[in-house]
Amino acid sequence: QTCASRCPRPCNAGLCCSIYGYCGSGNAYCGAGNCRCQCRG
């Protein structure tokens, strides 16, 4: 699921949008420096 053009809330609940434009969970998507939007606080 791509998300870069649909920020700020592009992904399903519980997922983050990575700087590479994909939704996912974990540090690769949600971590500092990796997350573009809809990041976990």
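Using N, Cα and C of the backbone, Cβ positions are placed for all residues, glycine too.
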Swiss-Prot pairs Cys3 with one of Cys17, Cys30, Cys35 in a disulfide bond, so which one is it?
Cys17
Say which of Cys37, Cys39 is recorded by Swiss-Prot as the disulfide partner for Cys7.
Cys37
What is the disulfide partner of Cys11 among Cys23, Cys30, as given in Swiss-Prot?
Cys23
Within the chain of Cys39 (disulfide bond), which residues six or more apart in sequence place their C-beta under 8 angstroms from its C-beta?
Cys16, Cys17, Cys30
So what's the average pLDDT for the domain 'Chitin-binding type-1' (4-41)?
93
For Cys35 (disulfide bond), nearby residues of its own chain (Cβ under 8 Å, 6 or more apart in sequence):
Cys16, Cys17, Ser18, Ile19, Tyr29
Should any of the recorded positions Gln1, Cys3, Cys11 have a Cα within 10 Å of the Cα of Cys37 (disulfide bond), which are they?
Cys3, Cys11
